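Okay, structure first, notes after.
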Amino acid sequence: MSFREENNEDGRGGGGDLRKPFLHTGSWYRMGSAQTSSMMMGSSQVIRDSSISVLACVMIVALGPLQFGFTSGYSSPTQTAITKDLKLTVSEFSLFGSLSNVGAMVGAISSGQIAEYIGRKGSLMIAAIPNIIGWLSISFANDLSFLYMGRLLEGFGVGIISYTVPVYIAEIAPQNLRGALGSVNQLSVTVGIMLSYLLGLFVNWRLLAVLGTLPCLALIPGLFFIPESPRWLAKMGLTEDFETSLQVLRGFDADISIEVNEIKRSVASTSRKSAIRFADLKQRRYWLPLMIGIGLLVLQQLGGTNGVIFYSSNIFLSAGISSSNVATFGVGAIQVVATAVATWLVDKTGRRILLIISSAGMAVSLLIVAVAFFLKGFVDKDSTLYDMLGILSVVGVVLMIIAFSLGMGPIPWLIMSEILPVKIKGLAGSVATLANWFCSWVITATAPLLLAWSSGGTFTLYSLVCAFTVVFVTIWVPETKGKTLEEIQFSFR
């Protein structure tokens with residue numbers, strides 16, 4: 001029985017006919033069509049260089065996390081203007097800020113199954129549409145209903161994007177570039193955050209919302225020019241499309257036979273029994289990677305970074321810095337640079353060491369901020385020491401952002417996309433993404449309340465979480481540098 005026949009048999013009883021690419025991978029890149037690809041891409045030599053071919057695909061799907069970052073950063077530069085124009089209370093704006101996380105939780109629940117049934121590209125297409133509608137709803141909002149509806153729609157799209165993009169990148173990237181290319185996901189998020197801060201200095205909140213539609217408006221046509229994930233095509237039994245997709249990603253002159261056989265063996269070992277039962281999760285090969293994936297994504301949020309990012313302007317104001325929006329943009333720029341450094345380092349140093357350094361750095365930085373805020377309560381506001389403590393607290397926030405960007409920002413999403421077994425990737429990925437967004441919502445919703453209660457106490461709590469993360473990574477998280485996805489998943493058996 002052939003590989004394709006075997007998968008087709010499994011598909012008959014489980015709605016296999018539905019599992020077709022939502023966006024067909026297209027004919028322009030088929031193995032014999034170097035001339036066609038020359039017309040579409042400008043030069044066939046571009047496609048023959050595997051790193052350039054994969055990089056082009058990554059740059060297109062990176063528009064999704066760019067949208068993610070723009071959504072995350074939007075509430076910081078617009079808080080004062082939206083509150084004034086629509087006459088919102090603090091609690092109403094806090095709800096607005098946190099609703100994107102609620103929408104993202106809904107998107108996260110469905111993200112894995114959508115990506116499994118209609119493909120990674122189709123999933124991103126579905127995610128782009130509510131994002132565009134959401135931004136337009138916010139832009140034209142005259143009351144809370146449109147404002148809240150737009151934020152929920154944005155969040156829904158971002159929830160799907162946050163799972164699908166790292167999985168797609170991990171599935172198309174060669175093993176020696178997977179860390180760097182996977183980190184582009186978080187790099188794009190930080191660029192999106194920085195752009196929202198920068199543009200927020202010059203345009204009003206309504207125009208800023210219109211500009212928020214641009215990443216997804218560019219993503220939709222871009223999806224028609226990239227191949228579907230070869231591993232997803234293989235899992236669906238679309239053998240010809242799978243091999244064609246992989247050939248394009250590795251270059252027309254590359255020998256893909258070894259990688260094709262590895263993927264076929266991996267898929268064949270799980271294809272005979274496509275349904276996952278909860279009883280199966282008791283097996284170490286499933287519960288351990290699921291626990292690691294969820295653990296990292298939960299700890300990423302509980303460290304409090306989203307609370308700092310969403311309300312950074314107010315944090316700087318409370319530290320005594322009047323030009324808080326400019327300072328917030330400076331932090332966003334620093335975050336981009338630090339994440340770019342992590343992208344360069346991750347395939348050289350490995351994932352574990354960056355996670356440990358990042359978490360330890362965050363713990364120390366947050367403790368510095370906590371001490372600065374505690375001491376400010378005992379110092380005269382007109383004294384030089386009070387001003388110095390304000391500067392110290394900002395330095396601590398900046399150091400925390402740098403430490404986060406070096407490891408805990410990009411790497412949890414990368415490891416989640418690497419370690420989850422093919423058989424449970426859809427379900428487990430949805431659960432892990434949901435857990436991340438739920439914790440993000442908790443942090444975003446409670447940050448203003450906690451900061452009002454005690455800034456020093458809030459940063460102390462965040463610091464303790466980061467210290468625990470160091471222990472968690474040291475004990476549980478494996479090194480995945482230099483291994484194929486199949487090798488990583490086999491190591492859990």
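Quick reminder: no glycine exception, Cβ is built from N, Cα and C everywhere.
Per TrEMBL, the feature transmembrane segment maps to 50-70, 90-110, 122-140, 146-169, 181-199, 205-226, 286-311, 326-346, 353-379, 391-415, 427-453, 459-477. Annotation source TrEMBL lists domain 'Major facilitator superfamily (MFS) profile' at 57-481.
Sequence-distant contacts of the transmembrane segment (181-199) (same chain, six or more residues past either end, CB-CB distance under 8 Å): 54-55, 58-59, 62-74, 76-77, 165-166, 169-170, 173, 208, 211-212, 215, 309, 325, 328-329, 331-333, 335-336, 339-340, 342-343, 346, 405, 409-411, 413-414, 417-418.
Annotation: stretch 286-311 has the most Cβ pairs under 8 Å to the transmembrane segment (427-453), among 50-70, 286-311, 391-415, 459-477. Most Cβ pairs under 8 Å with the transmembrane segment (326-346) belong to 391-415, among the candidate stretches 50-70, 146-169, 286-311, 353-379, 391-415.
Spatially, the transmembrane segment (286-311) is adjacent to the transmembrane segment (391-415); three or more Cβ-Cβ distances between them are under 8 Å for residues at least 6 apart in sequence.
In this model, the domain 'Major facilitator superfamily (MFS) profile' (57-481) carries an average pLDDT of 88.
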